[in-house]
Amino acid sequence: MLDIKWIRENPELLDQALAKRGAEPLSQSLIALDEQRRAVVQDMQDMQSRRNSASKEIGAAMAQKDMALAEKLKAEVASLKDTLPAAEEDERRLSAELTDALSRIPNIPLDDVPVGADEHDNVVARVVGQKPGWNHTAIEHPEIGEALGYMDFDRAAKLSGARFTVLTGPLARLERALGQFMIDLHTSEHGYTEVSSPLMVRDEAMYGTGQLPKFSEELFKTTDGRWLIPTAEVTLTNLVSGEILDQEKLPLRFTALTPSFRSEAGSAGRDTRGMLRQHQFWKCELVSITDAQSALAEHERMTACAEEVLKRLGLHFRTMTLCTGDMGFGAAKTYDLEVWLPGQNTFREISSCSVCGDFQGRRMNARYRNKDGKGTTFVHTLNGSGTAVGRCLIAVMENYLNEDGSITVPDVLLPYMGGLTRIEKAS
């Protein structure tokens, strides 16, 4: 969430930032709403001040036996008491309207974010590795998995409908191995603390990380009012909501391997085959809670941690700097990691790493005590996939495909595979 004080002082900067994201200017409507609220607050304060002073004057009038004045003052106090509740209700209504309006405004892009309309305007930051050197025909993962006999979309549809997958045998183990490898790497070498947290959260948690109120249609909600997390970013970031941390203890780095749940409401007709876009999928999430001074360096570090997963798997990928029109709602800058999928003959996103400034910290009311002792500051937050497990499984299947249809297990996953070095067709 943005600071209304900053908007009052920098209306042109807000509108310029919104224009970069392809949105309409909002500064004047926000400032007008805030002025209404502030006027009501001033009226309330004036009435409260007059009520207090009139109450004191009643005593003085009574002491001087001026009963007429005392009665007049009593009537004034009574009138003010009757008027104040309506003013207080106006203030609550206007404050709620302003908060709601502010909660729907996206984050301000950093100055070095390329300006653009959509994914076609993203910029390549670096390319790592090479395409597979084999000469046999590339095949997409649904055909590979079904031919092996370990990937079943029909039974998944029978159980749950579209956009679900059933994995069995060694392919299920390979998916599990990928998740274990990621969480082990990030905890043992990258300094992240593993967290096991709920998969269902309250409205406040979804609000804190920016999913609510704007994106409720993309989420799953339980009958008792809780939300299934679309990413562990929600739980890991909200661990510090409402808290005041010590700056000396920052950054806090958390990671979790969890299922994620998304309705894919805006993805009708996109990636309907296979595992690329699922309602339920495993993801290893990275979250950092840091101070304003360290956030940009932490962003580069987090991105490097996600890249290391793909490097150790020997996968060809590129890191993209997202343009203003393709960034997520809460991001100030985002790197996307896109892995090469031979079966599709293209790169596909496998991780997004974003720095959010104090956008989420303000929504969560999470602060840190400045080490110089001068007050508190909203925390800066970062989140990234380290990485999406299902998409990583797809990448391994397509890049480690052998001519006979089997899949070679990447060396880094062998310790997790119980001696299995190759996944072959089910007998």
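The backbone N, Cα and C atoms fix where each Cβ goes, and this holds for glycine too.
Taken residue by residue with DSSP, Ala232 (L-serine binding site) is part of neither helix nor strand, so it is coil. The annotation L-serine binding site is assigned in Swiss-Prot to Thr231, Ala232, Glu233, Glu285, Ser385 on the grounds of sequence analysis.
Same-chain residues at least 6 positions away in sequence with a Cβ under 8 Å from that of Arg262 (ATP binding site) are, in sequence order, Glu218, Leu219, Phe220, Pro230, Gln278, His279. Residues annotated as ATP binding site in Swiss-Prot: Arg262, Ser263, Glu264, Glu349, Ile350, Ser351, Ser352.
Of all the binding-site residues given, namely Ser263, Glu264, Ile350, Ser351, Ser352, those whose Cα is no farther than the 10 Å limit from the Cα of Ser385 (L-serine binding site) are Ile350, Ser351, Ser352.
Of all the binding-site residues listed here (Ser263, Glu264, Glu349, Ser352), Ser352 has the Cα closest to the Cα of Glu233 (L-serine binding site). The Cβ of Ser263 has fewer other Cβ atoms within 10 Å than any other of the binding-site residues Thr231, Ser263, Ser351, Ser352, Ser385.
Residues within less than 8 Å, Cβ to Cβ, of Glu349 (ATP binding site) and separated from it by at least 6 positions along the same chain comprise Asp336, Leu337, Glu338, Arg391.
For Glu264 (ATP binding site), the nearest neighbour among the listed binding-site residues (Thr231, Ala232, Glu285), judged by C-alpha distance, is Thr231. Ranking the binding-site residues Glu233, Glu264, Glu285 by how many other Cβ atoms lie within 10 angstroms of each Cβ puts Glu264 at the bottom.
Largest Cα-Cα distance over the residues recorded as binding ATP, namely Arg262, Ser263, Glu264, Glu349, Ile350, Ser351, Ser352, equals 19 Å.
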